[in-house]
């Protein structure tokens, strides 16, 4: 049984065999297999191009503030209690108020 399987498929196993000299043998494929490989290579290149574009457009993610552990824990508790959207809304409102007061106080000092 294995011999029949081997005889039927051994040609496919010859793909890119490396000899001890380091020279690669030519791939042995049918025209249908060659078309499938060409399509697969095209798709891999498209995927690689997409990854390169993502990499090139990426930015370093630097946190705006560093939270203390106890503050982060309180925020997690609030998120669990009120939900992420409500927590975001409340924190953004508070931060805007604090920063607008700080900016106006700095303007008055000058």
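The backbone N, Cα and C atoms fix where each Cβ goes, glycine too.
Residues or ranges marked as topological domain 'Cytoplasmic' by Swiss-Prot on the basis of a curator's inference: 1-7, 56-66, 103-110. Here Swiss-Prot flags 8-22, 32-55, 67-81, 89-102 as transmembrane segment, drawing on a curator's inference. Under the heading topological domain 'Extracellular', Swiss-Prot lists 23-31, 82-88.
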Legend entry - Within-chain partners of the topological domain 'Extracellular' (82-88) [C-beta distance under 8 Å, separation at least 6 from its ends]: 75
Inset, instruction - Would you kindly list the residues that approach the topological domain 'Cytoplasmic' (56-66) from elsewhere in its chain, counting only those six or more residues past its ends and only Cβ-Cβ distances under 8 Å? - result: none
